[in-house]
Amino acid sequence: MLGAHLARLGVTATHHVAHPRHTVAQALRIIQVAHSSSSIEYKPIKSVLVANRGEIAIRVFRACTELGIKSVAVYSEQDKMHMHRQKADESYIIGQGLPPVDAYLSIPEIIRVAKENDVDAIHPGYGFLSERSDFTQACLDHNLRFIGPSPEVVQKMGDKVVARQMAINAGVQVVPGTDHPVITADKAYDFCIKYGLPVMLKAAYGGGGRGMRVVRELAEVKESFNRASSEAEAAFGNGAMFIEKFIEKPRHIELQVLGDKAGNVVHLYERDCSVQRRHQKLVEVAPAPNLDQRIREAMAADAVKLCKSVGYENAGTVEFLLDNQGNYYFIEVNARLQVEHTVTEEITGIDLVQSQIRITEGMTLPELGMTQEKIIPQGCAIQCRVTTEDPAKSFQPDTGRLEVFRSGEGMGIRLDGASAYAGAIISPYYDSLLMKTNIPFLLNVLENQKFLNGTIDTTFIDENPQLFQFQPSQNRAQKLLNYLGNVLVNGPLTPLATGLKPAEVYAVIPETPAATDPPRGLKDILVAEGPEGFAKAVRNHKGLLLMDTTFRDAHQSLLATRVRTHDLLKISPFVSHNFNSLYSLENWGGATFDVALRFLHECPWERLEEMRKLIPNIPFQMLLRGANGVGYTSYPDNAVYKFCELSVKAGMDVFRVFDSLNYLPNLILGIDAVGNAGGVIEAAISYSGDITDPSRKKYTLEYYMNLADELVKAGTHVLCIKDMAGLLKPQAAKVLISALRERYPDLPIHVHTHDTSGAGVASMLECAYAGADAVDVAVDSMSGMTSQPSMGAVVASLMGHELDTGMDLDKISKYSAFWEQTRTLYAPFECAVTMKSGNADVYQNEIPGGQYTNLQFQAFSLGLGDQFEAVKKAYREANLLLGDLIKVTPSSKVVGDLAQFMVQNKLSAADVENGAENLSLPKSVIEFIQGYLGEPYGGFPEPLRTRGLPIVKGRPGATMTPMNFADIKSDLVEGHGSRITDYDVLSYAMYPKVTEDYLFFRNKYGPVDKLDTRIFLTGPKVGEEFEVQIEKGKTLHIKTLAMAEDLNANGEREVFFELNGQLRSVMVRDQEAVKEMHVHPKVSPGVKGQVGAPMPGTVVDIRVKVGDKVKKGSPLVVLSAMKMEMIVQCPCDGVVNTLDITKDMKLQGDDLVLTIDPQ
């Protein structure tokens, strides 16, 4: 019937024919055209080619699908995997051999594809050719309809100078500016001289913030012009610029307009686009909040008036700046669809893309139901743009592979996207827009009170730095997959000491009552009565108290300190419920601190806090190296005081304060620091020699008693004998402890020892009988050899005795069983590989237990594994060369380093003495003889002391400049992000380089401390499934699927996982394979003078050459990415040492650009 009616109206097949898929309503509109607008030909569109890419291409395809129109995509070689080509009905490659952007700017290529594939019309999208009149004309010349304004209008509106004149002719107020495009920096300079600053440089033939600069200083005019012109040339194919006076703090208001072929023009109300950075819009709101109705109506009238005056057809945007006096100024017309068209669609209910197509077909606005009185806005809409730019780094663009994507969903959310899916490749060649939704920075904008009040202008982002204060996404799961992938591809990321592999066992954790508090212990007394009350309770206790070293010194001695927090926390509840009578639990300080950061990649402070939560009733004990803190050298006093303060805050109770030389000033500093922090002071006398041997004249009973007197005067709560090598023989133990007990009947005495000789249990029993209150033990399966005496053996030996410990052997057995299994996970660090039993030669070499196994592993790593007996002999000789030292960290390291040096260089003690002035001794030895550890009892050794080196007299820390913790934190935040804590600051204070490396590792690989130990050390097997609890209530289920055999061009292998049932993959560079490939080097984190690419991009200009002297902040290189140019600035004064790039080279983020020798 409809066809017959059309025939009666005389409508021919070539004039106003309905498309077979048009609706009846659309066909009726065609009849209306025939009745009322016979001068306008209606010609349906059957196919549309979109000369664009990304989300706008997909947006147009959606409109085509809804209208029953075939969609055609074009794509560059670089976009062959891009989503937009998959969303179209047909897609064709263009610009083969051309640069990525040039492909979409190639008019002949686009016309060719359209003609070859029977395309009716071309939609330009936005950007690229959308405002090029020559493209519009080319379409018409080839009988292709252009979905947009006519070439004449595109020419007039695309030329900002002509558009400005057209506005003046139409009676619309404009901003003062140039009358014609400016093409040279000299002309721009002349304009600024004549009219003054500030000015706005704008691309004459494009928009979207590309090629825009605000210039406030005359000296910046030419540089800014050249950069802006270069951007405009890259983005729009024409580098001509328009210059106008810059309006301070305006609102940016734009009017959406539609015009048809009959001369009708309507507006669809305004949008507020004032939230911008680099003159690109980030957030758009429709309608504009708090806009005076009179201004709204006047702006709309001017927009319509201007468009009618030029015969505007199709969609466009008229843009104004509104100052704080209510004056508004025309700035430009965007003769195309805008990114932010979505918010207008939401408040008007009008599909702008469909309207564009209908208008191009020949329908008028009235026929589309779009007369001005019928267009009524309802509600409001906000659009946010998610880009691959980092707001925390001045919005630097980023590119690469999108590893994780989770979309915002729900009522009232609209997502217009293209590249946002896991596995998508974000190219450096195009706009960084991903999709329109929310990210943390945008949430800060939306929640800002000024924004909510609608009182913002275009300086909003610049004047509100708090918008950048947000916690970036942790992305822990993906970081862990990156870690696992790296281990699978490149092997363990923590060095393994032996060839043994971790056992495939899951240690059985003995049962603990659920949801019940553990029984009270000495920690409760400490909390209630303070350190003095604690000491009194210890002294009044009837039986022998034990300190369990399993959580620290035992595994330091047997497993190179490698036991991880993950395993310690598993057994903590059992310890808390079953060993509440312990004097203390040694679990922190010393080597634990260093190894946790350096090798286990975990935070020692977090370990302490987590253990305290699980063990609230037992006092914790740590080793404090006096003025050396937990490091290997001296520190400013305030560092030690601050360290103790934070340690108490994190959960530490008892501080065993010692000095590696028994140097009293260093000890006193540590005692004062602990006392100020509110901790229990356990001042320790480090024991060496043999007080029962009359021939040993240096460390006598009198020496130890005099030292004890000084420590008691200093205010210690507990006195400790620290027998770090296990040299305290049973008879010597009886003599020493009896003498101390007689002199100090009310002072608690604690004895620490090692069982290297095998006499540890006997010695500790003698200590107990002589009056010691507490002795050290380790659980049976972690005892013996260089560890502590057996807990079970000591407990059993005292059963029924007046010193009975009251501990249950059955519970000790369960505790031991857990550690027996857990120990097998650490097989790569097992001391039993090289040490099969205890050895009484310790009485000769005096090697501390905690150092013995580490010294063995060091010997193996230096190729001296088969010479360990020689190393032990050299240790004894080195000790005597150095004056027979008290040997405990760090002085024991000095002796050990000298011993290995002697063996490695085949030197005898005489050789060292005779060549003292000429030998390149280890750094630790040099620093010792300079006095950096303090002064040894009996003085410094000669001839080593006399080497012409600077000498430190007295306590080294006393003359050191205090550390500025605020500056350290500021530097760490700058380098590692806002998650830096005071704990990180103190870690850095003790171990600067180690902490920096740890922070880089944590940021790259996430919470690796949550992985099971075997998987952490050697990675999972292909096909293995396992779980990772990253926090309470959040568990990841991971399955390792496969690893690619082939490498990509960057030397990477793809490793596939299943994460919580979803496929994930990571790209990992194969470090062995890339040795045979040319892969551009990366900057090394923390290395001063190395300059890396701040973003992926192309080198467009190199401003320096090797040998040039450069100043901090001076320009080095210009990079271009995503149509934005960035100047790489010099980080420090210096001389250019290497130049690792060439012009037009394509770089990835952190690729090495050049190196500078800092001056």
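From the backbone N, Cα and C atoms, a Cβ is placed for every residue, glycine too.
Per TrEMBL, the features are as follows:
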DOMAIN    44-466  domain 'Biotin carboxylation'
BINDING   Lys160, Glu244, His279  ATP binding site
DOMAIN    164-361  domain 'ATP-grasp'
ACT_SITE  Arg336  active site
DOMAIN    544-813  domain 'Pyruvate carboxyltransferase'
BINDING   Arg625, Thr889  substrate binding site
MOD_RES   Lys722  N6-carboxylysine
DOMAIN    1088-1157  domain 'Lipoyl-binding'
MOD_RES   Lys1123  N6-biotinyllysine
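Here the features listed in TrEMBL are painted onto the structure.
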residue : record                 : contacts (Cβ under 8 Å, 6+ apart)
Lys160  : ATP binding site       : Pro181, Lys202, Ala204, Tyr205, Phe242, Glu332
Glu244  : ATP binding site       : Val175, Pro176, Gly177, Thr178, Val199, Met200, Lys202, Ile331
Arg336  : active site            : Pro124, Gly125, Tyr126, Ser130, Glu131, Gly148, Ala315, Gly316
Arg625  : substrate binding site : Gly589, Gly590, Gly631, Phe658, Asp659, Ser660, Gly670, Thr889, Pro890
Lys722  : N6-carboxylysine       : Arg656, Phe658, Ala684, Ile685, Ser686, Tyr687, His752, Val888
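Neighbouring residues of the recorded ATP site, listed in sequence order and excluding Lys160, Glu244, His279, comprise Gly177, Met200, Leu201, Lys202, Ala203, Met212, Phe242, Ile243, Ile331, Glu332 (Cβ within 8 Å of the Cβ centroid).
With respect to Cβ neighbours within 10 Å, the binding-site residues His279, Thr889 differ, and His279 shows the lowest count.
If you compare every pair of Cα atoms in Lys160, Glu244, His279, the residues listed for ATP, the longest distance is 16 angstrom.
Sorting the domain 'Lipoyl-binding' (1088-1157) by DSSP state (H, G, I as helix; E, B as strand; all else coil) yields 0 helix, 39 strand, 31 coil. Over the domain 'Biotin carboxylation' (44-466), the average per-residue pLDDT in this prediction is 89.
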